[in-house]
Every structure is written in C-alpha cells, then in structure tokens.
Amino acid sequence: MRVSCDFTAKSLAVLCLGVVLLTGALCPGKVAAGDLSLLVLHSYHAEYAWTRNQHAGFVAALKQDASQYQVSCFAEYLDTKRNEYDADYEAFFAAYLQKKFRGYHPDAIYATDDNALVFLIRYRDCLFPDVPVIFSGINNLWLEQQLNPKSFMGVYERKDILGNVRLALAMDPMLKKIYFLGDNCTSHNLIASHIAAEMGRHFPDLDYEFVADKTMSGLRSKLSVKGEGTVVLTTLGGLLGPDGGPVPIPLAIQMLSEAGKFKILTMGTNYLTDGVLGGSVVDGFAQGQAAAHVFMDKVLGLDTIGKEGPFEVNTTRYVFSVAALKRWQIPLSILPQGSMLLDGTPQVFGVRSHLVLGGLLFLLLQIILLILVLPRLRSLKLIRQSLTWSEKRFQAVVRVISDALIGVNEQGLVVVFNPAAEKMFGYTEEEMVGQPLDRLIPEHLRERHRQNLVSFFTRAHESDLLGQNIELPALRSNGEQFYVELSLSLWQQGNKLKAIAGLRDVTERRQADEELRRNEERYRALVQTQAEAVCRWLPDTTLTYVNEAYCRLFKKKPEELLGRKFIDRMSEEVRSSMDEHIRTLLNNPGTLYHETPILQDDGSSHWYRWSNTAIVGELGEVTEVQAVGLDITQRKKVEEDLRESESRFRDTADLLPQSVFETDTLGRLTFANRVTLEMIGCDDADLQQGISVFDLLASSDRDALTDAFQSVLGGETINANECLIEARNGFRFKVMISVSPMVIKGRIVGVRGVAIDISDRIVAEQALRQSEKKFKRLYREYQTLLDGIPDSIALIAPDRTVLRANLSTANMLGYPIREIPGKKCCTLWGNCSCHLEECPVMASFRTGVQQKVVFKTQDGRSWEVRTFPVKDKVGNTVQVIRYTNDITRQIQLREESLRTGQLASLGELAAGVAHEINNPINGIINYAQLLADSLDIEKDDLDILRGIIEEGERVANIVRNLLAFARARKEHKDRVALWDTLACSLALTESQLRKDGIHLQVEVPPDLPEVVAHAQEIQQVLLNLLSNARYALNKKYPTVHPDKTLLIKASTCMEQGQQMVHLSVRDQGTGIPESSLHKILDPFYTTKPSGEGTGLGLSISHGIIKDHHGEIVIDSKEGHYTMVTFALPAASEETHDS
C-alpha cells in the first residue's frame, strides 16, 4: 500500500487518471510499421535489479509508443560487478562479440551504465560501424560535452546530491560529518568526483568522507570504525563476498546497517530495502523509458519527447520507508512535500491490468454518480456536458492502455475494442464493434463461451470470475490460435450491464512454461541416468530429491533418504565443517565446493567433491540447494602422488648447487629452491608475498631479459643467457640462465629455469686470460731467451725425432730452424755423439737419469753433450732435452786458470821467498856497510866490501820487483751500507730461495755502520755465500722441511780498538767435512761433484775480504750446519771516499 503525505487515496487515484489522460492526449500517430533489431549491452549482470529495471523501462516504452514496429532485442552482459573490467577483459569481450555477431548489423545499440558506454566508445567503430548508440544510467556527466550527439545519445544518471545532503541535515541539524559509501568501482569513483564538486560549492562547512572497498568484509570493517553517523549510498552492486562472488544488495545493506548506528540514505531505487531510510532517488525504470524516448525521437523520428528534453524525464523523487522512519523516530513533517512513503519492501511498479481496470471502475463510478445526481441538476445541458466529458475521458483511457480492452454487452456483442485489441487480434474497431465476441473464440469453444457469458451476466456482481486472471485460447483474424490472460470487470451504464475484459498475450509465457516443463523432464531424466550423485536439500539439510547414483552411493532406497537430514549421517568433525559451509552458502548465495570422505563397507573411504548451488527465491532467500557429487578418490590418490613427487622435486632442487626456479606468465616466482633464495637475499615469506624476477634484474639487462621472457612464453627455449642480478641485500653478480616454457595440458602456464652464479668463473676466466697473456709473453721471452743461449738445445721424442730446437742449434747445424723439427737426431748429429757406443739420448730414455758425454770432433773442438729426461706423472720418460755445449774455450780457460793459479801460487811462493831472502840480504848489506865504515880496511878489501854491497843491492832490487809483481792492484772504494748491499743480493736470490722452500731469516739491525768497500765485490761475496748455502740446503732437504732455514745475522764489536762489522750466513745443510775445513779456501778446491763447482768461489771471496782489510771465518759441522762469517772495519766519521 502507498500513502501520500499530501493526498488521500482517492485524490491520488484521480491524479493517476489525469496523468493517463494527459499521456493519451500526447500519443503519437501511427507510422509505417517495420522490423527493428536492437543490440542491448548491459554493464552488469541480468539479476542486478538496476539493470533489470532499465531494460524493462526501455522495452515497455517501445511497446507502448512504437507498437507499429516489431522489435527484436539481443542482450549481452559485461558483468563488471563480478569481473574486473580491465584492458584484457575488454579485449576478450570485444573478440567474443566480433565472433558471435559477425555479419550482424543492428539498427541501434542500447547501453546501460558507464562500462558498457566506455566499451562502445572504444570498439563500436570496429564491431558495429555507424550504428547509433543510445544509453542510460551514465554517471560520467563530462561525457555529455565530449560525445558526438549524432552517434551517441541518451540519458545521464544525475544523482540528487544536494537534495540528499539537505535531507541529512534536516534529519540531524547537529550533523558535522557525512559519509558516502560505495564499492570502489568506476561508477562510485565518477559519483564521488561529482559529490566532491557539489560539496565544495554548496556545503563548504560540512565535513565529508568517502568510505569505499571492493569487498564486503573490508567495507563493513571500515564503516564499523566510524561508529555512528549518516551514510549516503553511491553504488554497492560490485561488492564481493568471501567466495569472490557478488553480494546481494539486501544482504549487503543488512550487514552494513549492523556495522554501527547509521542513518542510511540512498540515491537510487535499487537500494530501497530494509535498513534504508530512503532519499531523493533515481529510478532505473524511468531511465530506460527516457532512453527509449530518445531512441524513438532521434533515430525513428517519432515525436515522443515533446517540448521537454529527454533529460527532464529523468527527474528524481523522494521515497521513504515508513518502518525506517519510525525506527529512527523521524517525523513526517520534515520530509519534502510530495514524498512517497512505502510501508513494505519497494519494487518496480509497472502498468498492471488490474490497476487499469480499477481506474476504469473508478471512472464508471463517477459516471454512475453523475447519473444518480441527474434529477438534482437543473439544466439538461449541464448533464450532457458532464456525460460527454466523462465519455471522452473514458475513451482516452481506453485508447492509451497498453493492454487489450474489449467491452461486451449482455447479448455478447462487442461495444468496446481499443487499439491494443486491434493489434492483438488483427481486426479494426469498425470490424468488431457490434459483432459477436464468438469471432475471437476458437470454434470448438464458442458454445461453451456463450453458456459462460449467459451465466456471468446472470450472476453479475456475484460472479467468481470478477477480479481473477484467467488463461484461455483466442483466435486472430488470420486464424492463428494463441493464449491470453483475461481479467473481467463490470460496467453498468444506466440499467444495462456491460463486461469489460482486459487481455494480455501470454503465448510466449506459456511456451516458456512448456519449454520449462520439458526441460525439467529432460533434466530429471538426465540426472537420473548420470553417474554423478545428485541431490537437493533444504537449508536445514533435509533431502528433497536424490538420483539413482546418490542412492547407490549410500546403498539406500529413495524413500529411506528423502525427508531426512543428510548431516545426521556425518561424523562430528565433518559435520562442523559442513555447518560452516552451509552458513556461508546461505549468507552468500552462489556455488560453493567441499570435499567429504564416505566410509565404505570394507573400512576404506571414497572421497567425493560436492558442488553446492543455492536456488534463490523471489526475495533473494535460499529456498533449496542442489548438490552434485563427483567421485575424486582416484584424483585424491593422484594428488597425493603428485604431492610426494613435488616434495621429492623440491627436496632434490634444494640439494642442487644451482639455482632452480619457476615463474607464472607475469614473471612472479612460484617456486625457488634454497640456492635461489640465498642468491637473491630472500626467504620463504618473501616468496609468499610475491617476488618479480624483473625486479631482480639490473636496469641495463631488464629490457633484453623482458623480451627473452616473452619469447619463452611463445614456446622458445633459451640457453646460457648471461645477465646481471641485483639481490635484495644489495649484492650484484652475474648469472648464466637457461629457461624453457612450463607447459600444463598443452598450455604454457609459466617459465622454468636454472641459473648459475658465474661471478667466480668470470674472475677465473679473466685470470686465465691474464695468465694466457702472461704465458704467451713468457713463452716469447722463453723462446727469445732460448734463442739467445749460444749452446744447442733440442727436445727429442722417444723415436729420436726432434720436436723443437733453438736458434743456436740451427746455426750450428746449418739448417733453417723451421726445417729441424721432424728430423731424426742421429741424422742431424751423425758425426758426433749418436755414433758413440752409448748414445746419451737413448741412455736417458732407457735409464730415466741425466747423461753427460764429452767428445772431440775432427776439427779439434771439444763438445759436451748433456741429456735431461722429461717425465710424465707416473715417472715414465716421454721426452729428452739434448744440451750441446762447445767447451773448447772452457777447456782452454780452465787450463789457463790452472796456469794462472800455478802462477799465483808461484807468486805467493816468490813473495815468501823474497821475504826470506830480503832480510838476509839487508843484513849482508848492512854488515858490509858497517865493515866498510868502521874498519880501516885496505883498498882491495874495501872494493870487495863495496862489491858485496852492490851485489846485495842488486839482489834486494830483484826481490822488491818480485814483491811488486805479486802484490794485487788496489781499486777505488766508497762508503757502503752493508744492509743495502745485502738487500740487493737478497733481491736477486729471494725468489729462488722461496721456490726451493727455504725459510729465510734476516736479523740485521737497521743502524748497522757503513764500511769502506767496493760494493760490487762485497755483493759478489754475499752472492757466493748465499749460493753455497742454498746448494747445501737443497742437497739435504730436496723438498720442503721445517729445518730448511737460512739465517743471516749482522752485529758490531770492537777488535784491537777498531770497530768491526760482522756478517754471518748460516745454513742447516750438509755441512763441510772436518778434513776439508783447512783447505776450503784454496783455489780450485770444492766439495761439490764434478761439473757442479769450480772451487774458485770461496777462494775469490777470501781474496776480496782480505783486500778490504777483513777476514773470513768458517764454522761447520758435517750433516748439521755451516756458518761463514766475514768481518770488515767500520767506516769512521772522518773516513772519506778513497
């Protein structure tokens, strides 16, 4: 029941009738009939009330005001309340429409709400070029200035923001803040932008806040924080429940109203439900009607809009819930004038036949009233005018009614036949008025119709047919039989009764019912025969239907199951889970899935997966649930095997030293083994939150790797691709990556790859390249050095083939060096060592030891051939180095050295003899001189003495010359820092000492006094001592040993008033036999094997030290150590270079 604040029920009826009459007066004339094909594109789903109302208003207006057209509508739904509307979805839907409607060219496209219009703005030209678009329910008001009015036209959804805010202030004058609540969809955001503009312009002092979220739980949580206040709804149709499906609007508003103490106002009729006070609302039905009028006016050329534009048709109205006003104790006096009050759940009101008949009945009552007061009228003219006026109103109403109206008198003749009846039956009014109604009844029913007509008029007002809707067959002018729904009403004109029948074509509905019945039969037959278990149950789990498979599953008959609650058969654990499942399904109708085990007779369990779909009633409540059970026992076993396999895979992957990973098609990591996580500085928690491989790439490699990733998604496999990784812990390193597409059921679902950290390898490769460069340099140096050696060196294979030789070999043999490799050594040296009975090359191959042969050639030259075996890892001789040295000059030098030594010894002997001779000679000369001076000797005796003195002088002169010849020539000496000389010597030998594993210990004080010496000679002494020490240590310890130590010490001391500098070289080598100590300083004496020493080193060193006024002391114990110490005088402060 609807009640007005300003009018009584009677006055409202009169007002409605006046609107009907006015509409009839504006009814357009008929135009040429034709067929119209319309494509309807809705932004939301078919069950959404706002969408349904717009569609209904659009179709109703076309049927009423463009009835001369046969309209065919094809409806499509973007369903953006339940699907995210993004570029991918948009492209998918465009491809779907292109495939479905290929070749189809509609006369126009009707779009509802913003998403559908945005889609058509982008895709109309490629899908349906030049087809006009009519729209309604658009929140983006800025499009009005942007769209081409010749291609896009329609109605905008202008929310009455000012009216609702003023209403909120009227309900709560102390209001300081208002909340605008929505689902954060596109429509909400557009409405929010308009709200912000309007609030800033008209209510600058009123605080407001937008509360929005896509999920029901999130929005309720945000609202509950506010506690209380006034809320204005924007859009709620896109709210999502826990299962990801849309939440019904009544349930959404109920949950929001329970979040706190809030007055809830709305700006749309689709939100007028329990818990909502009301507000200044936009009606979806009116939106659709207005869009239809724009279509008829702008596209069809029918003048249905009149003087007012289409947007004026879409005016808002104030509608309120009486129950909500009472609950909040809001007085009706504050409501705007003309507000509509609802005492129940609101619904879309259309033109109903019983309302029309009620209006006609009221009109008839007015006519009867006029007839009753006629005797009281003084003027017959006034009475006639009143009757004429009433008749005209009656005729106007009859003509504008969209349902067929047929009036029949008691004789069964037609007295009223409106245009809708003409269209329904195919007869004109002139053809039917005055004709029997039988003409419209199928022939086999006409007799029965006549009897019922007589019975109806006989009982008149007491007939049971009054006020009822009756379905019966009817007949068109072309003989086609169809069904109509008939509502009867009486019309009394004077003392004559007439019957008024309102008829509606229900052929399509009956066909739909018949099709539904057949589908139900097919459905039941299909369900009964299918292998899956199917049942239906009430919200309390009482079974209402089971198929044969369900009975076989539980081994019971249908009568043993129907009417009983299946939850009673469940265990306590399964029942608890099922209770929660049922509560979720009842609160959020849709389809939910759950899995349950069913115990078998043998004790095993079969697993079933149940698909539970809620069947919703007209009020949105769940009336029944249909469940389909699928046996997934085998799948469970496969899943368990798969889990085990996956576990083995993950465990194996974690043991690998390489990085193993998997990603989805967007590059997000779905699996990463232990090495991968350690490599990128993440853990399992980071992996759960989401890690993009592109975020781990260095910016320099990101573009190239992105292209490579797309190639892999296209089916390619990429191997050994290097890239730079930037880990989350800040480390940067190079990896070599190999990836391939991950295919499941023939579809690429991601990428699987292996990555290896190649940082160490790169360093190693760089080191190898450096080493190769160094090796090549060293090889060139070695070859240069080898070629610079004046002696012949050749590398020989076991078959006597020369593999390599130096330049001296080529020069010696007279061959170009490039021709020598490959020749036999016996061919090259045919006249020398190869003809010896014991060839040194073959002896080295046979024995594996060095060989030495000295021979003379025919030209008198002496040659020394040495061979050195080259062995493999197991000790086999694989090559031999042949070293040939021309020792002719060496032998000569040795002989000369021998002679020089002999001369030196002779000189020393001569010096000794000279000293021995010089003293007696001096005595003889002196004594002879004394005798000559002191005695009185005769002249002859004096001559003898003088002869003695002269001859003595001559002998002394010979001795002096001999001493001068034996004495060494002095060289120039400088002040020398002994430490610097030692450092230079060590610099030359330290690497070789280190290579031999000799531990060097130097204990020389930095303030060691300088000495006056020849630096090169002192260095020669040091080098000789170091060489001897090294030889002794290597002889005793061929390999590394803790006691393989060389100690160098220096100190100062005073000797006979002279400061001396002592420097000792001590090794723990083989030592010197005691029998050799006294002659170790002699020239050519050596303890080394033949060929390894000349015996001149210590002898020369000894001579150098003596020349520097120093001395050498040797202390040694055979098998334990040797220490050689030399002492030199320290340079005094006054000493200058000499």
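Glycine too: its Cβ is placed from the backbone N, Cα and C atoms.
Look at TrEMBL and you will find 390-464, 519-589, 645-716, 778-823 tagged as domain 'PAS'. Among the features that TrEMBL reports, domain 'PAC' is placed at 468-518, 592-644. Per TrEMBL, the feature domain 'Histidine kinase' maps to 912-1132. The transmembrane segment annotation in TrEMBL covers 355-374.
For the domain 'PAC' (592-644), DSSP puts the residue distribution at 12 helix, 30 strand, 11 coil. Here the domain 'PAS' (519-589) has a mean pLDDT of 86 out of 100. According to DSSP, the domain 'PAS' (778-823) comprises 21 helix, 10 strand, 15 coil. In the domain 'PAS' (519-589), the DSSP tally of helix, strand and coil residues is 42 helix, 11 strand, 18 coil. Across the domain 'PAC' (468-518), DSSP assigns 12 helix, 30 strand, 9 coil.
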